[in-house]
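Q: The structure that follows is given in the form of structure tokens.
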Amino acid sequence: MKTKQDLQELYFPTPKLIEWENGVRQYSSVRGDTEVLLSYVPPHTNVEPHQHKEVQIGLVVSGELSMTVGDVTRKMTALESAYIAPPYVPHGARNETDQEVIAIDIKRLKAGETYTSPEDYFLNIFKTRDLLPGMEVTFFVEDWVEIMLANIPGNGGEMPFHKHRNEQIGICIGGGYDMTIEGCKVDMTFGTAYFCDPREDHGAINRFEKDSKSVNIFFPPRYNRAKAKKLEAKES
């Protein structure tokens with residue numbers, strides 16, 4: 001029987017620090033087939049092109065990064081775009097600015113999934129709307145994955161408890177809120193990641209005065225399934 005500590009480590013894994021020779025620091029959180037990396041890239045630093053068997057998706061949280069996937073390079077500013085590097089497609093980055101860049105990268109290799117991407121590997125904002133009154137969300141969508149940026153209003157704003165068939169991963173990128181998965185509650189602060197498997201009950205509430213912001217990833221898309229189906233049909 002799992003203890004409370006075991007459950008917390010399952011849903012909210014303790015991040016492990018990885019330090020690279022070029023000064024990049026990454027905090028790695030893993031559950032099953034998926035790794036979340038919170039990366040800090042120093043000014044004027046190169047991340048050399050590399051490739052691996054996992055698909056990798058990511059976006060910039062703070063600052064500006066010159067990101068290259070395959071033979072395509074694009075400047076990525078905070079929360080304005082996302083990238084997908086399919087398995088074995090080279091990808092690298094450079095921080096050309098005088099400021100540290102903070103980025104989120106997610107690596108995943110799960111049996112039965114097909115990892116498609118746009119021809120140029122980058123996703124623009126698909127839509128922004130209110131998911132609930134006062135809760136604005138922004139979406140990036142590909143046929144197998146959906147990224148949702150969400151603002152949870154302060155003073156009691158909440159995402160009511162629910163469950164669904166989608167796997168869901170989230171990272172706090174601003175403010176704070178309480179996140180509960182299957183009765184296990186954690187105070188989310190900047191960089192905290194959670195992992196929620198299909199049909200696991202979960203919800204969130206922001207008890208602070210300031211709004212909070214989070215990045216939420218769904219496998220497969222939850223809110224824009226029609227968009228995903230159109231992309232899938234186009235690929236076939």
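Including glycine, each Cβ sits where the backbone N, Cα and C put it.
Take a look at what Swiss-Prot says about it:
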{"type": "DOMAIN", "residues": "40-106", "note": "domain 'Cupin type-2 1'"}
{"type": "BINDING", "residues": "His50, His52, Gln56, His91", "note": "divalent metal cation 1 binding site"}
{"type": "DOMAIN", "residues": "151-215", "note": "domain 'Cupin type-2 2'"}
{"type": "BINDING", "residues": "His162, His164, Gln168, His202", "note": "divalent metal cation 2 binding site"}
{"type": "BINDING", "residues": "Tyr223", "note": "substrate binding site"}
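Would you situate these features in the structure and describe their surroundings?
A: According to DSSP, the secondary structure content of the domain 'Cupin type-2 1' (40-106) in residues is 0 helix, 44 strand, 23 coil.
Taking a C-beta cut-off of under 8 angstroms and a sequence separation of 6 or more, His91 (divalent metal cation 1 binding site) has the following same-chain neighbours: Pro49, His50, Gln51, Gln56, Met67, Thr68, Val69, Gly70, Tyr83, Ala85.
Looking only at the domain 'Cupin type-2 2' (151-215), the predicted model's pLDDT averages out at 96.
Using a 10 Å radius centred on the Cβ of His162 (divalent metal cation 2 binding site) and all shown protein chains, the other Cβ atoms total 8.
Around Tyr223 (substrate binding site), a 10 Å sphere centred on its CB holds 19 further CB atoms from the protein chains shown.
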Q: Counting other Cβ atoms within 10 Å of each residue's Cβ, which of the binding-site residues His50, His52, His164, His202 comes out lowest?
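A: If we count Cβ atoms within 10 Å for the binding-site residues His50, His52, His164, His202, the smallest count is at His50.
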Q: Write down the Cα-Cα distance for Gln168 (divalent metal cation 2 binding site) and His52 (divalent metal cation 1 binding site), rounded and given in Å.
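A: A Cα-Cα distance of 23 Å.
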Q: What's the CA to CA span in angstrom from His162 (divalent metal cation 2 binding site) over to Tyr223 (substrate binding site)?
A: 14
Q: Would you list, in sequence order, the residues of this chain other than His162, His164, Gln168, His202 that have their CB within 8 A of the centroid of the site's CB atoms, where the site is the one recorded for divalent metal cation 2?
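A: After dropping the recorded site residues, what remains is Lys163, Asn166, Cys196, Glu200, Asp201, Gly203.
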Q: For the divalent metal cation 1 site (His50, His52, Gln56, His91), what does the 8 A shell look like? I mean other same-chain residues with CB within 8 A of the CB centroid.
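A: Apart from His50, His52, Gln56, His91, the close residues are Gln51, Glu54, Ala85, Val89, Pro90, Lys107.
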